[in-house]
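Engineer: This structure is in structure tokens; I'll ask about it shortly.
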Amino acid sequence: QTCASRCPRPCNAGLCCSIYGYCGSGAAYCGAGNCRCQCRG
């Protein structure tokens, strides 16, 4: 199950949910065009 299906806050604090459905940090997860939800961590 991907984090995208658990929006709006699917990830641990400080992480973002990417458009590919994984929680993580950095531009690949949090950046514009890459983030699905919880984009400020």
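Using the three backbone atoms N, Cα and C, a Cβ is placed for every residue, glycine included.
Look at Swiss-Prot and you will find Q1 tagged as pyrrolidone carboxylic acid. Sequence annotations record features per position, and here Swiss-Prot assigns disulfide bond to C3-C17, C7-C37, C11-C23, C16-C30, C35-C39. Look at Swiss-Prot and you will find 4-41 tagged as domain 'Chitin-binding type-1'.
Can you walk me through where each of these features ends up in the structure?
Structural biologist: Secondary structure at Q1 (pyrrolidone carboxylic acid), taken from DSSP and collapsed to helix, strand or coil, is coil. The Cβ of Q1 (pyrrolidone carboxylic acid) has 7 neighbouring Cβ atoms from other residues within 10 Å, across all protein chains displayed.
In this view, C3 (disulfide bond) is surrounded by 22 other Cβ atoms within 10 Å of its Cβ, with every protein chain counted.
Annotation note: C7 (disulfide bond) sits in a coil segment as assigned by DSSP.
Within 10 Å of the C-beta of C11 (disulfide bond) we count 20 further C-beta atoms, all protein chains included.
Look at C16 (disulfide bond): DSSP puts it in a strand. Note: C16 (disulfide bond) has non-local neighbours C23, G24, S25, Y29, C30, C35, C37, Q38, C39, R40, G41, i.e. same-chain residues 6+ apart with C-beta under 8 A of its own C-beta.
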Engineer: What average pLDDT is reported by the model for the domain 'Chitin-binding type-1' (4-41)?
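Structural biologist: The predicted confidence over the domain 'Chitin-binding type-1' (4-41), as a mean pLDDT, is 97.
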Engineer: Which of the three DSSP states, helix, strand or coil, fits C39 (disulfide bond)?
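Structural biologist: DSSP assigns C39 (disulfide bond) to coil.
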